[in-house]
Amino acid sequence: MEKNNKTANSSDFEVTAVPQSGRKSLWTLAFIFAGWGLNSSEIISGGTIAAPLGLTKGVVAIIIATAVNCALAVLLAVPGAKKGLGFALMTRHTYGNIGSKIPSVVISVVHFGWYGILTALLANVAIQVMPSLNFKIVAIVAGLAIAVVAAVGIKATAIIGYLAVPCVLIVGLIGVFKLTGSASTFMPGTGGSTIPMGISQGVGAFAVGSLLACDIARFSRTKGQAALGVCIGLFIGLGFVRVLGAMSVLTTGQPDIVLAFAALGMAGAAFLFLFLNIVSTTDNILYSTGLSLSNIFRWNRVYLTLIAGVLGTVVAVMGLDKFFGAWLNFLASIIPPMGGVVIADYYFVKRRDFCELEDIKRPFNVFALIAWACGIAAAMLNIWCPAIDGLIASILVYVILMYAVKKSRPEYYCRLTNTQAKISAQ
């Protein structure tokens, strides 16, 4: 038994539930979540939202989008903490043992893109500060170095959070002070967008982060700590960098935070800000990618994380960061409905009592896949707010389908026995 525990701990429990002995403190989780939210791409996201809307409407859209991201993260963090499961393992309950590999493949592919985009951004920032550097060499070195750190696991992720979060917040606050002091007025919005569209962009930009909050929350000691850690971390991290991006665009007209800070005489601080920001974010991305790949291949997470880092680095070298805007719209369509099905399954169908992993017998849940597809279709119709439209549609369709087959397909209702439920509630 001792040997098994040691093995599990060394692999970060990628294919098993996290035992209580492996749980972390509230503040450790809050720092990790803050690092999760301090996402350099969210600076661009904040600027993208605010540029057409102006300051007031832009900030309203940012606040609502961040609240939705936080709510989605909490809804998945709570069962993650209760069962000690990350998103990849949690999808086995909803999509089936084999069907869960489909969301894992999608998450992995999305993360290859995210990792590549952010690593390319880091390389471009380095070149802006030191023009003599070669983009491809910087991208390769940075991509592989971060992959090694992510392969270490949750301990390395926590250390990065402790180091990055205070530095990023301090530099960011100085930047906010200088931005507001250097501008007599904020630029008006350019038009062509609405608050619902801005909300959808914001929700879509961090949709993957919201879904995968349970990858970190599974280390929480209680459900309450998981929810509080998510709220503290995301509102401090995610909300802050989005507002910073909005202010940068509306005061300097410059979506590139490095150039905006450089114009204020803060080029070195800007590089430090983005360097720590991107390293923290990409480390979290690659950590979750390793967990998703472990659900697909059942190989060692460390090796899978390194492989994912290499693939993400290839994406970075290809320079795909220019497709950032299209990437946000794509994420807003497919990711929230995927999480919506899991939320519906846990809260409305299984009534918050997922069974143990070994008790899941069905390979596929076709109704989960149908609900996910319907959610994607609803998001693509762009009725109001695509990300929220898709989320709500997937929840409604899944609940209706599952209740329609409740009596004829009892195998789809793998729930705890009364004895297990009492133990789980303790």
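Just so you know, glycine gets a Cβ as well, placed from its N, Cα and C.
Straight from TrEMBL, the features:
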TRANSMEM  26-53  transmembrane segment
TRANSMEM  59-81  transmembrane segment
TRANSMEM  102-127  transmembrane segment
TRANSMEM  133-152  transmembrane segment
TRANSMEM  159-177  transmembrane segment
TRANSMEM  197-214  transmembrane segment
TRANSMEM  226-245  transmembrane segment
TRANSMEM  257-279  transmembrane segment
TRANSMEM  300-320  transmembrane segment
TRANSMEM  326-348  transmembrane segment
TRANSMEM  364-381  transmembrane segment
TRANSMEM  387-405  transmembrane segment
Contact call for the transmembrane segment (102-127) against the transmembrane segment (387-405), three or more Cβ pairs under 8 Å: no
Recorded stretches the transmembrane segment (300-320) and the transmembrane segment (387-405) touching, at least 3 CB pairs under 8 Å: no
Recorded stretch that, among 133-152, 257-279, 364-381, has the most CB pairs under 8 Å to the transmembrane segment (226-245): 257-279
Chain residues outside the transmembrane segment (59-81) and at least six past its termini with a C-beta under 8 angstroms from it: 46, 49-50, 53, 87, 90, 195, 198-203, 205-207, 209-211, 213-218, 220-223, 225-227, 229-231, 234-235, 238-239, 242-243, 246, 336, 339, 342-343, 346-347, 352, 354, 387-388, 391
